[in-house]
Amino acid sequence: MAAISGHWAFAFGVLGNIVSFIVFLSPLPTFYKIYKKKSTEGYQSIPYVVALFSSMLWVYYAFLKTNTTLIITINSFGCFIETIYVGFYLFYAPKKARIQTVKMLVLSVVGGFGVIVLVTQFLFKGAARGQAVGWICLVFSLCVFVAPLGIVRQVIKTKSVEYMPLLLSVFLTLSAVMWFFYGLLVKDINIAIPNVLGFVLGILQIVLYVIYNKKEKAILKEEKVPEKIQNHVIIVDDYNNQKLPELTEEQIIDIVKLGSLISSGKIHVASCLHNSKCGVEAAKVENMPKLQTAEA
């Protein structure tokens, strides 16, 4: 029975490595957008700093335990890729966001991790050291899953899913499932417990994406105005009380230009040879249709 459990644990561990590998790569489209726009826009660095710190802790925890090769491999890659993400973010972030990110790095990665290593090395011995680090890993794993809640809040507030990648939410959920069963089979609650919350929060993000993505599309559709009713002017014939064919804005501009040329004397209009004719022409001018702008 133990052998079967060990095989299943290995299988879920391998699957967890594969899915977690995809999770670590899922922010690539986000950073490609940042690279194209040369700006971090509304994206935050908190998830990447917390993920880097968590990966470092899990590597440290894995070295204190036995048979943890699968944990070492994926979290070593996590440390590598998250360092690249944070560096990329710092390069394109505005000054204020860059300063905040550096502060988080100093407090968590340098100060926090250093203090944890020193305290656990001097205050704990043997198995107790592994248990202490395991509980710390559990807490910070919860922080990794809770970190995207800032983005969830932004989605609810703005009713836009622009800054919450669906791909990341889906793979975080799958990763939580794989590592939960791995931790359950190897009887390590420090691995199993955080992934329960990870699964719940992952489902929440997916549901929010579906809801607000539909609302966003509906709003955009309502805001579209048919081009045919834009930039038109209605001509009203007061004499016959009839509406004549509409003129576009470009045609009205041409008429105005023509009028300005006539009034400036650049185009000479023949004077009336007979007063009677002038009277007739004047009457025709009075009966000319008036131009009115169409109401929006």
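Using the three backbone atoms N, Cα and C, a Cβ is placed for every residue, glycine included.
According to TrEMBL, the features are:
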TRANSMEM  6-25  transmembrane segment
TRANSMEM  46-64  transmembrane segment
TRANSMEM  70-92  transmembrane segment
TRANSMEM  104-124  transmembrane segment
TRANSMEM  130-151  transmembrane segment
TRANSMEM  163-185  transmembrane segment
TRANSMEM  191-212  transmembrane segment
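Counting Cβ pairs closer than 8 Å and at least 6 residues apart in sequence, the transmembrane segment (130-151) and the transmembrane segment (46-64) reach three or more and so form a contact. Taking Cβ pairs closer than 8 Å, the transmembrane segment (46-64) reaches residues 27, 71-72, 75-76, 78-79, 82-83, 85-86, 89, 101, 104-105, 108-109, 112-113, 116-117, 129-130, 133-134, 136-137, 140-141, 143-144, 147-148, 150-151, 190 in its own chain, all 6 or more past its ends.
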